[in-house]
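Record features, source TrEMBL:
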- 134: active site, nucleophile (ACT_SITE)
- 287: active site (ACT_SITE)
- 316: active site (ACT_SITE)
- 200, 317: substrate binding site (BINDING)
- 39-321: domain 'AB hydrolase-1' (DOMAIN)
Ligand SMILES: CC(=O)SCCNC(=O)CCNC(=O)[C@H](O)C(C)(C)COP(=O)(O)OP(=O)(O)OC[C@H]1O[C@@H](n2cnc3c(N)ncnc32)[C@H](O)[C@@H]1OP(=O)(O)O
Ligand SMILES: N[C@@H](CCO)C(=O)O
């Protein structure tokens, strides 16, 4: 657990829309002790808060991917949100009353400006990893464009370079639900709350997909009304209403709409090209709100980007739910990053890795069993066996996991694995690996115990 902290910035804060907030407050959490090299900055999504150990508990905590014992983890609540930073319910110093409907238009760039103020306040000069999903990814991307030298690693999950017309339309439909609430123009904290419930229920349709509902809300055989899916939608509206407000929902949906990294920068491609950080992009194939094409677009135009596409029953919300998959994907990428190739190698290796081997390599980590993938259709095992396949590495991985006990693997294995992207050859007789730079490494021979 970590306490909510507050940073008060007592100066004019000029928003992109031209409005000046006379002061702002940023609510934030930190975990761990800072050093020059251990800062991880997490950006939260639409209804998240500044405590990632709360909403991303599968990834943030002791011994987890973002290990609070090793890293200094920072997360700030975004301007306009309901969780402590300046928002529509804050008192407007000019009037002595809450802003309510007068709260101005906020953009991702405004949020990033506030994050950067907090960074300076905390004395952070270098951020090892900047990570965010959805609206969090939009912030992370914008920040990495503005300050390409500040970050070592950038992880963008289920996000995009600019909000699509489809996404804007979803948000507008949700705002229409809020507007239809007769209380919406009233100046009180719970104005528009019923409308927000309908908005959340609508949003759920974009965070999930038909398969999610088939699986989690199956139709009752004999029912002719009051289906499971109905009470689920109602419940989700109520659940958000218990922790959020319509003003914050309205503000942040507009933040999302205005997101376009290409604005006043000659377009998105040119903006993405300004990212100089090693970047991992994770897309969810079943995401209907931030479709996979949007992450492919990011990967195409961010110079040092890797794209991993994952499958999740949960669609867009997969980034909040698929902890194991996220952990494995990010760990794999981080390991490989420790051995960045020289530029001329990069061309050759990346081509091969991207198209063929890389997928296998990722799967290796995911299933913790394949020593390396020599060709797209041949998997070499640590015990010297070999499996031929039609490049269906996932199936092989599953089969292997059922067959072998991988517990006794060498502690040096991660190092070896990280090098596999440079492997040029493997001699099965001697267990020797030949690297692109001429080095060799002999794998320990451990006949793995068969389960
Ligand atoms: C821990 C926190 O509250 S974090 C607070 C900050 N929130 C955030 O950061 C936002 C990010 N989080 C989210 O958006 C969500 O929490 C997610 C996506 C991670 C998970 O969504 P959830 O709503 O928890 O999961 P899911 O869609 O499976 O719904 C489960 C809930 O619906 C209820 N439910 C499921 N089916 C039905 C149904 N047919 N009728 C009524 N209720 C139903 C379940 O009982 C469960 O209730 P509970 O949350 O009170 O335990
Ligand atoms: N479930 C997420 C959706 C937006 O990414 C949230 O409520 O923040």
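Each Cβ is built from the backbone N, Cα and C atoms, and glycine gets one as well.
Any TrEMBL annotation is an automated prediction that lacks curation.
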Site with most surrounding Cβ atoms, counting all protein chains shown within 10 Å, from the recorded positions 287, 317: 287
Rounded Cα separation (Å) that holds between residue 134 (active site, nucleophile) and residue 317 (substrate binding site): 9
Recorded positions near ligand 1 among 134, 200, 317 (Cβ under 6 Å): 317
Those recorded positions in 200, 287, 317 whose CB falls under 6 A of ligand 2, listed in sequence order: 317
Three-class DSSP secondary structure - residue 287 (active site): coil
For the domain 'AB hydrolase-1' (39-321), mean pLDDT (0 to 100): 97
Same-chain residues at least 6 apart in sequence whose Cβ lies under 8 Å from residue 200 (substrate binding site): 174, 236, 237, 240, 241, 249
Cα-to-Cα gap, residue 317 (substrate binding site) vs residue 287 (active site), nearest whole Å: 8
Distance [Cα-Cα, Å, rounded] between residue 287 (active site) and residue 316 (active site): 4
The residue listed as 'active site, nucleophile' CB neighbourhood, other CB atoms within 10 A: 26
Residues that sit under 8 angstroms from residue 316 (active site) by C-beta distance, when 6+ apart in the chain: 134, 158, 206, 207, 208, 284, 287, 288, 289, 290
Residue 134 (active site, nucleophile) in three-state DSSP notation: coil
